[in-house]
Amino acid sequence: MQNLRNRSFLTLLDFSQKEVEFLLNLSEDLKRAKYAGIEQQKLKGKNIALIFEKDSTRTRCAFETAAYDQGAHVTYLGPTGSQMGKKESAKDTARVLGGMYDGIEYRGFSQRTVEELAKYSGVPVWNGLTDEDHPTQVLADFLTAKEVLKKPYHEINFTYVGDGRNNVANALMQGAAIMGMTFHLVCPKELNPTDELLNRCKEIAAKNGGEILVTDDIDEGVKGSDVIYTDVWVSMGEPDEVWEKRIKLLEPYRVTKEMMEKTGNPRAIFEHCLPSFHDTETKIGKEIQEKYGLTEMEVADEVFESEQSVVFQEAENRAHTIKAVMVATLGE
């Protein structure tokens, strides 16, 4: 058993393969216990602060339900719910909350902010998403892949298609390197990850028997994949000119039925962190259709709704994996 007590969870790069595997195995155990109705509460009497500078469905619900299942109490501080960054620095907020709470989750913009919270609060801090990283998401992604494919992690061929610089792509590449996977990042050259992160991940992968390939060649990149993963192309709030340029760059990289077939693997699955623009059933989806004439963006609705799509199992697993992180770092 790995001792992660009082550790913060800021990036997967802070953890060894054994530690990440321990969290994934614990996630499986906690999920089984919940389904069997025999879950033991390890967080009784704990108070947890959830700081959200960005709105959220899955991350917030996962942290809240996981905490409640384990007997903890939570306080939600939304985008307008605290003074952090406005009247009070992250350093000061950390020291205030650290005196009242046993653990802190942060979902926001800056990786530096979550690092400051961890440095000055004196309690475990968990990264629920920053512009650079999304480590809790990757635990759910990997757990889902193992459940469906029934393969050990190091045998999974994992492929991300789309914007190679975004936080999910960064986090997946880190996680795959640590777990010794074959990881392909398929994206336009203009959207390649930073050399610094890529080189570091390649070094880690080599030590763990994994391999990382970055390519703009879709056929080469998806061949042999067990998992095809994508994420939204543009973040909300980015100007129209960014949307236009990004859509033009990434339209060839939309995950379609043809792309899934190019894997040559009939058992290949589709993953997405959600939300997804796969139809026009949302306000944003309708705006995309009106402005750009598209009824789907990063993934075809045909794939999203197919039997190969495991996105809702993946979403549920956010709760089980986040619960594992909290229990491992804060549990009695």
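Backbone N, Cα and C define each Cβ position, glycine as well.
Swiss-Prot has this to say about the protein:
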type	residues	note
BINDING	Ser56, Thr57, Arg58, Thr59, Gln83, Arg107, His134, Pro135, Thr136, Gln137, Cys273, Leu274, Arg318	carbamoyl phosphate binding site
BINDING	Asn167, Asp231, Ser235, Met236	L-ornithine binding site
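Overlay of Swiss-Prot annotations on the structure.
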residue	record	Cβ contacts under 8 Å, 6 or more apart
Ser56	carbamoyl phosphate binding site	Arg107, Gly128, Leu129
Arg58	carbamoyl phosphate binding site	Cys273, Leu274, Ala315, Arg318
His134	carbamoyl phosphate binding site	Asn127, Asn167, Val168, Asn170, Ala171, Cys273
Thr136	carbamoyl phosphate binding site	Phe9, Thr59, Ala62, Trp126, Asn127, Gly128, Leu129, Arg318, Thr321, Ile322, Val325
Asp231	L-ornithine binding site	Tyr160, Gly162, Asp163, Asn166, Val168, Ala169, His272, Cys273, Glu298
Ser235	L-ornithine binding site	none
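For Asn167 (L-ornithine binding site), the number of other Cβ atoms no farther than 10 Å from its own Cβ, over all displayed protein chains, is 21. Note on Cys273 (carbamoyl phosphate binding site): other Cβ atoms within 10 Å of its Cβ, all shown chains, come to 26. Summarising the environment of Arg318 (carbamoyl phosphate binding site), the number of other Cβ atoms within 10 Å of its Cβ, over all protein chains shown, is 27.
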